[in-house]
Amino acid sequence: MREFMSRKDTMAHTKEKQFVCDICDKVFSQKGNFHVHQRVHTNDRPFVCDICGKSFRYSGNLQEHTMVHTKEKPFVCDICGKGFSRNGTLQMHQKVHTKEKPFVCDICCQSFSQKGNLQQHQTVHTNDRPFVCDICGKGFRYSGNLQEHTMVHKEKPFVCDICGKVFSRNSNLKRHQRIHSNAKHFLCNFCGKCFSDSGWLQKHTSGHTKGKSYFCNTCGKDFSSNSNLQIHQKVHTKEKPSVLRHHICDKSFLRKGNLHQHQTCHTIEEPFVCDICHKGFSRLGNLQQHQRVHTNDRPFLCDICGKGFRYSGNLQSHTSVHTKERPFVCDICGKGFSRNGTLQRHQKVHTKEKPFVCDFCCQSFSQKGNLQVHQRVHTNDRPFVCDICGKGFRYSGNLQEHTMVHTKEEPFVCDICGKVFSRNSNLQRHQRIHNNEKPFDCDICGKCFSNSGCLQQHAVIHTKKNS
């Protein structure tokens, strides 16, 4: 035993390191340390908390974690009095007061108080995903994301309290529970039949769409009715579609049937009331369609880009983005639009009509809908709620962007380096690196930067000199 300890001490002094990791080439002088290190690559977490089930690579981390449950915080900041369960966490916190951020990203100039945070941040630029699922091979930037992903393969913590079926995600459980509650939010626009799942609706509508027998001789596009074909053909003939206007509200329609249906708004009672916002409707189908505003259901998907819509009409209008069809033309400026309603809204730009005024700030709007959306700024109303984390948003588009945080969707791809982004604006900001664009210039010394954050950090140099 004494001889072994002597040999171990000799290795420590001579810095002999004989155990080499075959993944990252890091070397270790002791076999135990070598084995512990390998957990970084295997994501092995043998130390499990018996209170909440969370697992850790090292026993010390488990001991520190248990303080979360026992509420022990022995390390106290002498500046603000905040307590921490670890001395290292206290030291990191104290940099908030000293404003120390010595670790700077050499790509975007963002600074960090810890080297580890900088290294994690740099994976955004390098697209490095070191944490790989050993089942499906999908890579992740952070170990926490990998842990969450592995539930897809094994853990199913969300249980239906009616039938006992289990799911790996809360959103899947909620979708399943519609079967028991008989909630059917997805309405077929052809026959009025309702479904609890968008996939079933798509299968059902295929029975209607298979019967498309009216074909455009110019472009080959098919339609389910002759009237739809005739409206479409005006795109090729440049003929302006005839518009039917309602004599009471002046709302316009392309089809006589739609006009007749609209007239019920003026003549019939509204017995179907939304239990969330109390808006009334003359038809059950209209109420079911309206409720998608609150649930943010978007069952109609574009088969080109995958974008979802609440109503089939919105999907049809959207497809013109891809087909470039703009049959509705402004007779003042010649600008074309894919929808008649969009043209009518546009024409108010020329007439300067803004009849809808905000009671809070007196800002005026050309449309009632825009006023209602604007007033959420004053009321802080956030009707679009994430069903995963509960965060609320003023606009449905913001909710859609936010859900990508949970789904890890990154549909915007840089065509130069292949890096992916969840938002188009982030992709455009990133592409300045390749194009060497530096649109943000310092008005004191003239130095240019690729993003506003780097410019703001740089400006501090001048303010310190002046002070």
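Cβ atoms here come from the backbone N, Cα and C positions, even for glycine.
As given in TrEMBL:
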type   : residues : note
DOMAIN : 19-46    : domain 'C2H2-type'
DOMAIN : 47-74    : domain 'C2H2-type'
DOMAIN : 75-102   : domain 'C2H2-type'
DOMAIN : 103-130  : domain 'C2H2-type'
DOMAIN : 131-158  : domain 'C2H2-type'
DOMAIN : 158-185  : domain 'C2H2-type'
DOMAIN : 214-241  : domain 'C2H2-type'
DOMAIN : 244-271  : domain 'C2H2-type'
DOMAIN : 272-299  : domain 'C2H2-type'
DOMAIN : 328-355  : domain 'C2H2-type'
DOMAIN : 356-383  : domain 'C2H2-type'
DOMAIN : 440-467  : domain 'C2H2-type'
Number of helical, extended and coil residues in the domain 'C2H2-type' (328-355), per DSSP: 12 helix, 4 strand, 12 coil
Helix-strand-coil residue split for the domain 'C2H2-type' (158-185), DSSP-based: 12 helix, 4 strand, 12 coil
For the domain 'C2H2-type' (440-467), the mean pLDDT of the predicted model: 78
Other parts of the chain folded back onto the domain 'C2H2-type' (440-467), taken as Cβ under 8 Å at six or more residues beyond its ends: 108-111, 429, 432-433
Counts of helix, strand and coil residues, the domain 'C2H2-type' (272-299), according to DSSP: 11 helix, 4 strand, 13 coil
